[in-house]
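Asker: Dropping the structure in here first, questions after.
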Amino acid sequence: MKLKIAVLPGDGIGPEITQQSVKVLKAVADRFDHHFEFEEALVGAAAIDLLDSPLPEATLELCKNSDAVLFGAIGDPKYDNNPDAKVRPEQGLLKLRKELGLFANVRPVKAYDKLIPQSPLKADRIGGADMVIYRELTGGIYFGEKSTAEDGQSASDLCSYSVEEITRIAHLAFKAAQQRNKKLTLVDKANVLETSRLWRKTVTEIAKEYPQVKLDFLFVDNAAMQMILNPTQFDVILTENMFGDILSDEASVIGGSIGLLASASVGKENAMFEPIHGSYPQATGKGIANPVASILSAAMLLEHFGLTEEAEAVKKSVELSIKLNVCTIDINKDNHYTTDKVGGFLEGLISEVENISINNENLNLGQMTII
Ligand code: IPM
Ligand code: MG
């Protein structure tokens, strides 16, 4: 398959982790005989510094003319600590999502057996947790009208949703539930918010088209608690933009590290793949950032284009690296590997896999030769 992939490394650890996913995708292309073409562009603080815009026109054009976008991370503390900043890096990501029509953000969360003992949550609660969050991505309070009064004494962010916006993501979430454990939980705040009541009404109506899927509802405050108390109850979670943002960070604790959580943002015509973590400025350039979330996002890219075997190869190699403890410091505290080494190991596994039969002993051997 021929794919043109726009690479937007962005800020902080974005460039170093994205570099690893590109390595892995190149290994996939070599092994499975595909042709992936990569082209880089600026976004975020990196783009503001050079071109005064968090999403330069050339970047947007490149993304529109590519089959997929591989996104790194966005954000810089110099803007976080300045509430008066007129331009912010995050605006680049939000505009990109809107312009590309990426209305559904898909965030899978699962507990890796090996990492369960390290989780701050009790093992018997999280063992077997496996869910996917469908977060609406181009509506709600993120994109409603914003204003600050001239006297600076009040401000407003409007939250609004249309039936159409709810319907298009709801269908994707129901279809996913049909392929999984046939349970969909709508997370909202319908006891308080008008928009949430519209979500409930619309989703209840759509559920009739998916009789095999069991639909239930949770208020977001309760959902936040249930995520920690009993995460195995979830299969597919469907929710609006802001609730999805918050719940997916919370859910990352189940996976053992936020450095493992990937996401796909899809629309009618475009698709973007990005880790759910931020730019982690304190780690920039130190070689300690976990590249796995970005690499698993690349696996979601492959899946999106129907390259299932290829995506499996990437996911399998990640699972093996975790099993063998070839991990960055967030996971492997005592004997950690650098960002580049972990990426190189996964790249090596994918390229070498034909020569290495999949068993632990050989992989240990592989580990020594590849690293
Ligand atoms: C995410 C991030 C973004 C969001 C920020 C960087 C704007 O937290 O993708 O979850 O809030 O959507
Ligand atoms: Mg977030």
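Yeah, the Cβs are placed from backbone N, Cα and C, and that goes for glycine too.
Please treat TrEMBL annotations as automatic predictions, because they have not gone through curation.
According to TrEMBL, the protein has these features:
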| type | residues | note |
| --- | --- | --- |
| DOMAIN | 4-346 | domain 'Isopropylmalate dehydrogenase-like' |
| BINDING | Arg97, Arg107, Arg135, Asp221 | substrate binding site |
| SITE | Tyr142 | site 'Important for catalysis' |
| SITE | Lys189 | site 'Important for catalysis' |
| BINDING | Asp221, Asp245, Asp249 | Mg(2+) binding site |
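Help me picture where these features are in the structure shown.
Answerer: In the three-state DSSP assignment, the secondary structure recorded for Asp221 (substrate binding site) is helix. Asp221 (substrate binding site): 13 other CB atoms within 10 A of its CB, across all protein chains.
Around the Cβ of Tyr142 (site 'Important for catalysis'), 19 further Cβ atoms fall within 10 Å across all displayed protein chains.
According to DSSP, Lys189 (site 'Important for catalysis') is assigned to coil rather than to any helix or strand. Sequence-distant neighbours of Lys189 (site 'Important for catalysis') (same chain, six or more apart, CB under 8 Å from its CB) are Ser196, Phe219, Val220, Asp221, Phe243, listed in sequence order.
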Asker: If you draw a 10 Å sphere on the Cβ of Arg97 (substrate binding site), how many other Cβ atoms land inside?
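Answerer: Excluding its own Cβ, the number within 10 Å is 23.
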Asker: Which whole-number value in Å describes the distance between the Cα atoms of Tyr142 (site 'Important for catalysis') and Arg135 (substrate binding site)?
Answerer: 12
Asker: Between Arg107 (substrate binding site) and Asp245 (Mg(2+) binding site), how far is it from one CA atom to the other, in Å?
Answerer: 10
Asker: Applying a 10 Å Cβ distance cut-off over all chains shown, what neighbour count does Asp249 (Mg(2+) binding site) have?
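Answerer: There are 15 of them.
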Asker: For Asp245 (Mg(2+) binding site), which residues in the same chain are close in space, meaning a Cβ under 8 Å from its Cβ, but six or more apart along the sequence?
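Answerer: Residues satisfying the criterion: Arg135.
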Asker: Tell me which recorded positions (Arg135, Tyr142, Lys189) have a Cβ under 6 A from ligand 2; sequence order is fine.
Answerer: none
Asker: Less than 6 Å between Cβ and the nearest atom of ligand 1 is the rule; apply it to the recorded positions Arg97, Arg135, Tyr142, Lys189, Asp221, Asp245.
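Answerer: Correct list: Asp245.
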